[in-house]
Structures are given as C-alpha cells and as structure tokens.
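Per TrEMBL, the feature domain 'SH2' maps to 49-117. What TrEMBL records for 205-255 is domain 'Phorbol-ester/DAG-type'. As annotated by TrEMBL, domain 'Rho-GAP' applies to 268-459. Residues or ranges marked as region 'Disordered' in TrEMBL: 158-180.
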Amino acid sequence: MALNVFDHDEYRPPVWKSYLYQLQQEAPHPRRLTCTCEGDNRPKYYGREYHGMISREEADQLLSQAEGSYLIRESQRQPGTYTLALRFGNQTRNFRLYHDGKHFVGEKRFESIHDLVTDGLITLYIETKAAEYIAKMTINPIYEHVGYTTLNQEPTLKKHLPQSPEAPDGPAPAKDDRNAEERLTSLVRRATLRESDLAAKYEKVHNFKVHTFRGPHWCEYCANFMWGLIAQGVKCADCGLNVHKQCSKVVPNDCQPDLRHVKKVYSCDLTTLVKAHNTKRPMVVDMCIQEIEARGLQSEGLYRISGFSELIEDVKLAFDRDGEKADISSNAYEDLNIIAGALKLYFRELPIPLITYDAYPRFIETGKIADAEKRLESLHEALKLLPPAHCETLRCLMAHLKRVTEYEKENLMTSENLGIVFGPTLMRAPGLDAMTALNDIRYQRLVVESLITNEDVLF
C-alpha cells in the first residue's frame, strides 16, 4: 500500500526540486551572428543568420567571440544541405539542420531558429552541468511516497502539504521562483486519495504522448524540473500524468484514467474505459446486453439482421455524449436490431480488439485443432493471454450469447451462426495479406463457437 501523507505526517514530500530550474536560468542566451553580405541563394526560411557556403574553420572564427552565438551555413561537401554552427563550452558545435515547415536537428520541431537554439543551449547546459544528477533522478522518486490517483480536491491537499519546500539538492532557487508553487498544478493535484474499493483492479499502462508545457513544470515521478522550451516531457493522454521522457520508462503500469481526459466511449481502449468509469466491463456492453435480454432473446435473426445504420450511429453518439445515462430503451429505439448493431459496432471500433492482437495467433492456432478436448485445453491457455478487462468482457459476452442459443428455435441463432457474426467482430489481426485474412475467417468462427458452447467450463 502506498503511503498516505494525510496519515503519515513524518513524510514530507518535496513540492519541487529547484536545481534544474536554476540551471535553466543560467543557460547561455542565443546570440545571432548576422551576415552583412547580400546573398541571392539564401533559403526563404532562413534569416540574416545565414552565411552561405563558408567552411567550418570560417564559422569557428566568426563564432569565437561569444558563448551562445550561432549562424547557419551551407555545406561545402554537400551543397543544398545546411548546418547550424553553435558556440557552446568554448567550442563550435555543428548540427545538420532540417526544415519541413518547422526547423529541427533532432526530434523536436521549432517555429523559429531562435527557439531551436534557445532550447538547444538549455539542453546542452543542463546535460553538461547535471549529467550525474540527471542519471540519479529516478532513484528516490516522489511517486513512490505519495502513491498515484487522480485528485480532484486540489485546494484540500494544499492545506496538508508543507508550506515551504524541502531544501533543494542543488543551488538555491532563483528569487523569481517564489510564486512557483502556484504553477504546480499537476504535481500538487496527484497525491493521496485512496483508490475506491469499487474500482476494477485492472493493470493499465500509461498512454504517454510528447507534450509541450506552458510555464515551469515539474515531473510527477521524480519531482524535478522539466527543462526546455517545448516537448519538455510526456503526458498521459488518459490520466494526465506529467513526467520526464526518461521517467516514463520506469513509471509503474498503474494508470488511473480520468473522465476529463477520456472523452468518448466508442473507439476508446477497453481497459482505459472501464478504469475511467470505475466498472468491471464497458458500460455499453452491460447496457446493451441488459436491454436485449429484457426485450426478448426470441427475436428472429438476433445479431444477424442489421438495424438502420443511421440509428446505430445515433446510439453510438448517445453513449459518447451521455455515457451510462444514454437512453437506449424501446421508447428511443423500438427496433431491437439497432441495439444489437450498436453492441457489434462497439467491438468493431475497439482500437485493440477484444481478442487482442498479441493473443490472436494463439486463438487461431486453437481454431485449427480438430480434437475437441485438445481445443478446449488450448482455448483455456489462450484466454490467459488476454488482459483482465478483456477477459472479463469476453466472459460476459459469451455468457450472453450462450443464453441467446437457448432460444435458437425462436431466434434461429445457433452457436455456429453467432460464431459467423462475431468471429471477425471480436478477432482482428493487423498486417495480414488478403488471402491469409480470408482463410482465418473459418477459424475465427470456430473459436467463437467453441467459446460460446463451452462458456461454463472456460470462464
């Protein structure tokens, strides 16, 4: 169990560590070395920092006057390619320069050369001065002490946090840093509310995306400053966790999605959705199954006959907009096939299928086994490859489809027919050629048919 700062007064987590922030303030400022000559061959996306086709030696001599000075030159060895020459650490450094609408020398892309150089000088300075410190940042992270959940009661937490930060590991903070606490929106937000006992205990990896933070920001894993002008770190698109890129590699798989970030139901990762809504299964699955079973499983051609696509799309939009408050009753949609179609559409639009890409080959191999007992054993092992939320949802769906087959005399839907309908819906493999995909349809049907028939044994 993670420590709770409300219960353990002896622990006082640092609100921030200012060493790296101080270094960013000390980094050399960019000094553009202006070319006084008029050149006809200057690319339109460069300014007077462009000096034409000069040698490394000439660039070095021009830049030797001041730290942080820079210019752009065209390569003598490869005409048409350009080099950023930058003075740092009393030597001239040369970087191959690219432009595709934005300027870049590595992963980061900048609107202007000035911003590129500013960010580069900050990065070079910090990584030179604090290489050892950066290497050790993740050794005693704040993350391990305050735990991890999404906290909506930020003002309450602020009363419990220490009024002054722990002594920094590096030089003293700059004077203009006195209001930094007000800017720490994300670090303060995530503290110590225990996860609800009702929450499904599914493990989920964070969905990190490179992010540009406005204003000073601190890593929510190690509590250190996130340096640079743009793309200073990564942000989890599902829960909002902000960390350094290097810290993201050691953050536990304990993402707690937040409904403020998870905006839709359809086309949303299944585990993300159930954790965001604090349920065992996607609410769209439970609600659709409940509605179908309440109205009658005897409906002829259930799941085989398609409802009107426009109305199925309406149901999808209702779930995306209203979540569990979506109205899918007979008053809103009289045709039961619309609800059945909406359920099938949900599974088709999952970014990772219910039977995941990773598990797909094992399930297909299972479908190829002729012996019923051996196929059952193989299916049992294959199910272990599914993430818990996927396995639980598959269990619920198969139990429902088993109940559908109990009325096969009325609805004409046998386990074989349902296998034909749901095989391609629940199982998809990326990158298969057309012939292989066509051959797999047969085994997809057999897998789903076996799951329905043996639902009581497998789950």
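Each Cβ is built from the backbone N, Cα and C atoms, and glycine gets one as well.
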Secondary structure composition of the domain 'Phorbol-ester/DAG-type' (205-255) [DSSP: H/G/I, E/B, coil]: 3 helix, 14 strand, 34 coil
The domain 'SH2' (49-117), counted residue by residue under DSSP: helix, strand, coil: 13 helix, 26 strand, 30 coil
Model confidence over the domain 'SH2' (49-117), averaged pLDDT: 94
